[in-house]
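Features of the protein shown, as given by Swiss-Prot:
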- 130, 134, 140: Zn(2+) binding site (BINDING)
């Protein structure tokens, strides 16, 4: 999986960047998404607040914002189009590969790791996997969806070795 990592805060350690990259690749393997692409941006609470207001109409910071990429209009090409321009197939494959972007608030991750009594590394991993599942179509609006998503989330984190201790 190709993952672009961006640290807008300048506060994320190389270890956390590497853990996030490794964990998301592990999650992609577990869910059959190895050929996909995404981005992860680490932000402050202030930036998280702005994004939450813009995308979710919620006036407060949040821990992770997941923006699933869904083309708004289908792009249709004929066989003749592909024959005339061989680069179209490559472009469409790249287009299909991109699944979305995550914005993780490191401020919220620090707060929540203390609140829940586990490590900052565990919280960052939890938020990355939680967001990853969202941009892959998982949700928790109903009890059934919640059970499916949270079970998979915990399976990934446990198999990777990021437990609540």
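Quick reminder: no glycine exception, Cβ is built from N, Cα and C everywhere.
Taking the Cβ of residue 130 (Zn(2+) binding site) as reference, residues of its chain lying under 8 Å away and at least six apart in sequence are, in sequence order, 64, 66, 153. Comparing the binding-site residues 134, 140 by how many other C-beta atoms lie within 10 angstroms of each C-beta, the top residue is 134. In the three-state DSSP classification, residue 140 (Zn(2+) binding site) falls within coil.
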